[in-house]
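K.L.:
Can you keep this structure in mind? I'll have questions shortly.
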Amino acid sequence: MKQAQNIQKILAQLQTREGAAFQADEEAIALEYQKINANRSGIAIKVLTVFGGILASLTFIAFLVIAGLMDSDAGMLTLGLAFIIASVWLGKAYDKLIIDTTAVSLFVIGLVVLTFGLEELKVHDSIVCIILLLIAMITLAIIQNYMPAFIAVLVVNGSIIALVLDNNANLIHIYLAIAVIILTLLMLDEAGLITSGKKVSLLYNPVRLGLIVSILATYIMIAWKGWFPHSIHFNLVSAVAAIAAILYTLPRIMVRLDVQSATARAGVYLITALLLVPTVYAPAIPGALLLTLLSFWVNYKTGYALSIIALVYFIGQYYYDLQFTLLTKSLLMMASGILFLLLCLLTHKKLNPHEKI
């Protein structure tokens, strides 16, 4: 009720400022607001929706295996495509959270069954990945519901990662560099994207979360070792991309924190660059730090929490990495600690009295 009154107040202010030229469909705005409230859910509900859909999918797939319906190549292909089409239709026809759970389940079941069918036909793994990639992209173009779109983004990124693993695992750092740059441009232009059109505005949130989860998951796989070969030269590609994106984001962060002095700005650039140099061999650290800054910039609490947790994990992981000498580990920890202290000091000094804890 309070937010509805705030909307009316804002519309009245705009009407006063713009004059007779300003027009707004108050009834349509009220209906859209009611629709958003009816389908509003926190991150916990969204996570439960995803896991519920996945568990339901696994249960149904187990039933198909027990019933012997997975023995036919043509049957699996037909069934997989049917489930995918059904999930897209549900997502397009209905915009309800409970329907999203069903759509997610059908989509996951369809992809898994279709993959099994293609594998039984001895289709090359790279071709399978490309097919799944195309299906996910077509799904994104048709439906924009949050959870189905989020799953589709994960499938797109997962297919790309699988393609890399199947061909040249070192190229994962090229993927990370491109993904980091795309996410940076998306989040820095959030206002422009949201106002550019209804379809883009609906896709923005699931695409943003999907990219963040995919990037962090890839960094974790690199940190675990064994998934991808350790190559210093390729590490530099993803690390330099993340560091460059951090330096590109800094001016906006400094504006937010009201850092106006040219000397102070130059000092922030210099100190940040020097502190990030030791992290070129640990690309996950500047990557997680970049996600933290971007989430802070757009006030995205979910991304902020995920990136902070990942940052702490990556620092600990690389500190105990036996491939680093004790000196390298010490420099890495000192640089990270100094950077965090500076960010904390700068942020605390710029907070308004009512914002301080």
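Placement of Cβ uses the backbone N, Cα and C atoms for every residue, glycine included.
Note that the structure is predicted; figures quoted are calculated from it, not measured.
Residues or ranges marked as transmembrane segment by TrEMBL: 43-68, 97-117, 123-142, 149-165, 171-188, 209-228, 234-255, 267-297, 303-319, 331-348. Among the features that TrEMBL reports, domain 'DUF4401' is placed at 44-347.
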K.L.:
Under 8 Å, at least 3 Cβ pairs, sequence separation 6 or more: does that hold for the transmembrane segment (267-297) versus the transmembrane segment (171-188)?
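P.N.:
Answer yes: the transmembrane segment (267-297) meets the transmembrane segment (171-188) with 3 or more Cβ pairs below 8 Å.
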K.L.:
When you look at the transmembrane segment (149-165) alongside the transmembrane segment (97-117), do they share 3+ Cβ pairs under 8 Å, ignoring any pair fewer than 6 residues apart in sequence?
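P.N.:
The answer is yes, given that the two segments have at least 3 Cβ pairs within the 8 Å cut-off.
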K.L.:
With CB pairs under 8 Å as the measure, which of the listed stretches 149-165, 171-188, 209-228, 234-255 comes out on top against the transmembrane segment (123-142)?
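P.N.:
Going through each listed stretch, the top one turns out to be 149-165.
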K.L.:
Restricting to the same chain and to residues at least six past its boundaries, which positions have a Cβ under 8 Å from a Cβ of the transmembrane segment (209-228)?
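P.N.:
Hits for the transmembrane segment (209-228): 149-150, 152-154, 156-158, 161, 165, 169-170, 172, 175-176, 179-180, 182-183, 186, 283-284, 287-288, 291, 302-303, 306-307, 310, 313-314, 317-318.
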